[in-house]
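J.: Got these off TrEMBL a minute ago, pasting:
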DOMAIN    A:51-238  domain 'FAD-binding PCMH-type'
BINDING   A:HIS82, A:SER85, A:GLY86, A:GLY87, A:ARG88, A:GLU152, A:SER157, A:ASN161, A:VAL167, A:TYR169, A:CYS228, A:HIS395, A:ARG477  FAD binding site
Number of protein chains: 2
Amino acid sequence: MNFRTLPDGVSAEQFANAISEFSETIGSEYVRVDEATVSEYDDKFPVTDGDEFKGSAVIWPGSTEDVQVIVRIANKYGIPLHAFSGGRNLGYGGSSPMLTGTVLLHLGKRMNRVLEINEKLAYAVVEPGVDYKTLYEAVRDSGAKLMIDPAELDWGSVMGNTMEHGVGYTPYADHSMWRCGMEVVLADGEVLRTGMGGLPGSEAWHLYPGQLGPSIEGLFEQSNFGICTRMGMQLMPTPPEMLSFAIYFENEDDLPAIMETTLPLRIGMAPLQAAPIVRNVTFDAACVSKREEWQTEPGPLTDEAKQRMVDELGIGHWIVYGTCYGPRWQIDKYIEMIRDAYLQIPGARFETNETLPLREGDRASELLNARHELNTGVPNRHSAAVFDWFPNAGHFFYAPVSAPSGEDAAKQYEDTKRISDDHGIDYLAQFIIGLREMHHICLPLYDTADPASRKETLDMTRELIRAGAEEGYGIYRAHNVLADQVAETYSFNNHIQRRSHERIKDALDPNGILNPGKSGIWPERLRNK
Amino acid sequence: MNFRTLPDGVSAEQFANAISEFSETIGSEYVRVDEATVSEYDDKFPVTDGDEFKGSAVIWPGSTEDVQVIVRIANKYGIPLHAFSGGRNLGYGGSSPMLTGTVLLHLGKRMNRVLEINEKLAYAVVEPGVDYKTLYEAVRDSGAKLMIDPAELDWGSVMGNTMEHGVGYTPYADHSMWRCGMEVVLADGEVLRTGMGGLPGSEAWHLYPGQLGPSIEGLFEQSNFGICTRMGMQLMPTPPEMLSFAIYFENEDDLPAIMETTLPLRIGMAPLQAAPIVRNVTFDAACVSKREEWQTEPGPLTDEAKQRMVDELGIGHWIVYGTCYGPRWQIDKYIEMIRDAYLQIPGARFETNETLPLREGDRASELLNARHELNTGVPNRHSAAVFDWFPNAGHFFYAPVSAPSGEDAAKQYEDTKRISDDHGIDYLAQFIIGLREMHHICLPLYDTADPASRKETLDMTRELIRAGAEEGYGIYRAHNVLADQVAETYSFNNHIQRRSHERIKDALDPNGILNPGKSGIWPERLRNK
């Protein structure tokens, strides 16, 4: 057999034996080594020119038992596995592994059932392959009066997004907070059920996250300590009514005032019941147009081009989107409070999806109504238009976390804008305002077909991470190519966080089989390489 | 030197050397071995007749650095440490250790500062010794418009309660959910800062719980993997108004209807914005009277005695207490929705702290207004009166977790009541209704001075745990004397939960120094003893 690539230190013969054993136990149609199939899992937005981040084979398990068998065989032959749910978060490397030669374990390919929808207790239980669209449709078709909290794009795996600390936009936006009850295959093939799942006959597995002893679900998020094969997601009961709003601001330097207005409205969980987003004009423009409409020259967008976006799209230099939930009498009061607060900022303009309903050719209405869908539990892929901002566009994420203050927003905006301009790369971003923190989600876009563009954007993103860390801004997730750099920024006490992760890694996965290098956590044999 | 007791396998000489080194490094006035001082830490509600659960010495560290030094010395001499914040949860063994001979590490004795109160971002940072009363006063005196979520008794440590999965009664009742950012001394003396605390200069340590990689704060809750020395607690901005209500029910068998009414009001987080409690008449009576007022004979309380409590106190066989938060227009609407729903149950009676203000001699008003205090962030120790229900009263907790359904409540109530009656022990309980789960908090009371009463109550509690587990009801916390039994009930896949905890324990604390036996997690050298 010819293999595309091999795991480090594994001979072709050894690998062939492992592949045979995988095939015999779970079925040869579910174990693929052919270039055409395996290359489908490469990074869709390739950023390096070498052979990094390539899988050697892909396995499609059909059940938790399959996953158990697979990790046992992987241990026997010393084969690293890159387990992932859907692998659709393209800005973070998609389904590609940290380590070339790793065998891809695509959980969601066949494990894609919604196992339970419980209307009375308001939760669903999903397998790794359930994406937001599938969960939405399953809940809708069940007739349950429950609402999901979609991620930005409907193709994302519910479990994958949650395990990676993804957020949405409804009152259930903090996905980690609302997941409850996991089934995890450990590196030795044993199955762990967390919380009340450990007590036979308990019906509280997906209701309450605790049990006697420590809460270890968080341990499996964004790590390589186990493979989650089942997860409970608590869902919000559908409120009687929902009304979304957009607020448009005239000036780029309104940003600090927007943040200082938002915080007190948000921190009491009312009238802003869910995380609003604060988007820059370029992000909104990229959802409904192509770059060439505004500027054909490369290099940073001119002020004139951005002003034309504002004027012609009928939006603002910054746009706040959000939604109110509840009975109409409450929504009306909340909307009034929100409007009155933001309209203190000179030039601000306020619309709702009632005053600005979807109208053909009105791109501002398209933008607001696409947000209204997401914010009311209807997944879409409206924002995927950014991948067409220019031909062959791909992107990273640079997403520092900070206090949701005007000062922090201004500092981050200025730094990021300046560094972007220096590299001639568009600044395209939104702030998501949680209760006490904001995620500043920046999308450095590059031409994936142009090595120079790739390099420039990678260099810029590395600079952003470095400059941000110096200001005290940490990143909550990282692309494969950036993971080690980001892990390095968490340096308190000689990287005690990473050293602790490594001790747990070595205890739970002594052979270092699972997702080597994930989040900068390497197994002992690959450390300091 | 004469020692009260010694750790297993440690000679008097070795122990004396360790004590000397502790004294030399942190000061001899902070290291005590005298019987008078150390016995203060024994279980205040002793339940066994032997020498179980006794400390050999007590150390009062003054800083994180002290704790680091102490664990390093403990490792050197093989001395087990029982670290605790305040040790005031008397129903769970107070400050007593699982293993006799363990050295007590009373963190809160000197480490009792409120390190920060941040009004704008609504959080506080506490050391282990800060109790609810202290935090309340510190916030009040700071002038910050923030509200704390008190535990049932004001003397509880904020950190200790949170680490043990304690809950309160305001919208911030789930303390684990609202803690953010820990400093932890690991078993080898290294200091770990979780989340954004790992990034030098980050101001988001107590704002956002994540960072790159796994979320490991939960690992340190209710375990023995590290010693928490600092914790951020997010606080609720004080709402404009708050109004509490009490609803009184005429019949014991109203319980299922109460639960089925509560669930839909609660699960959408409005109109029940916080966890209401559903208390039985005996619990309320024990907060404002002594048992002898109602019945002088031992054995279960008669129906006649309980009816007299209802009539003479002016309460119900079940009483629901809760509070609404927000602007008055919203509170009025919510109160109306809540009242209308519960008054569907025949015989139900509805009061608020406005219709039933505190009046001398009116014990129903005293009860409601004590709840109003707690539910509006003012800690008290009103419920501590249960310790005087009869002379020398002490208690366990039996607190199974289940779905908040009428069926589960009825089953638990019937089983618990029947087993309590069989043992001649009063059934004294309240249900706390979270969003999707309820804690059924039962207080089996016994005469701590009477060996027969202690034995009977222990036997009964063991029977409750056994019977509950058979029905699928798990316990979220356990008294020292019950921890191993409760851990045993989490038996899925040959106790994979416990085996996973043990692997992490061995990796992080190879010498098994920290809190041996906590939550049923024993270090390798003490397993299968």
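Every residue gets a Cβ built from N, Cα and C, even glycine.
Help me see these features in their spatial surroundings.
T.: Around the Cβ of A:SER157 (FAD binding site), a 10 Å sphere holds 29 further Cβ atoms from the protein chains shown.
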J.: Quick check on the binding-site residues A:VAL167, A:CYS228: which one has the highest count of other Cβ atoms within 10 Å of its Cβ?
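T.: Max Cβ neighbours within 10 Å, all protein chains included: A:CYS228.
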J.: I want to verify one value. Collapsing DSSP to three states, which class is A:ARG88 (FAD binding site)?
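T.: DSSP call for A:ARG88 (FAD binding site): coil, neither helix nor strand.
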J.: For chain B, which of the binding-site residues A:GLY86, A:ARG88, A:SER157, A:VAL167, A:CYS228, A:ARG477 fall under 8 Å by Cβ?
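T.: Near chain B, the qualifying binding-site residues are A:ARG477.
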J.: Using DSSP and collapsing to three states, where does A:HIS82 (FAD binding site) fall: helix, strand or coil?
T.: strand
J.: Can you work out the mean pLDDT of the predicted model over the domain 'FAD-binding PCMH-type' (A:51-238)?
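T.: PLDDT averaged over the stretch: 97.
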J.: Using the structure shown, find which entry in A:HIS82, A:ARG88, A:ARG477 (the binding-site residues) has the sparsest Cβ neighbourhood within 10 Å.
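T.: Taking A:HIS82, A:ARG88, A:ARG477 as the binding-site residues, the minimal 10 Å Cβ count falls on A:ARG88.
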J.: Can you count the other CB atoms that lie within 10 A of the CB of A:GLY86 (FAD binding site)?
T.: 23
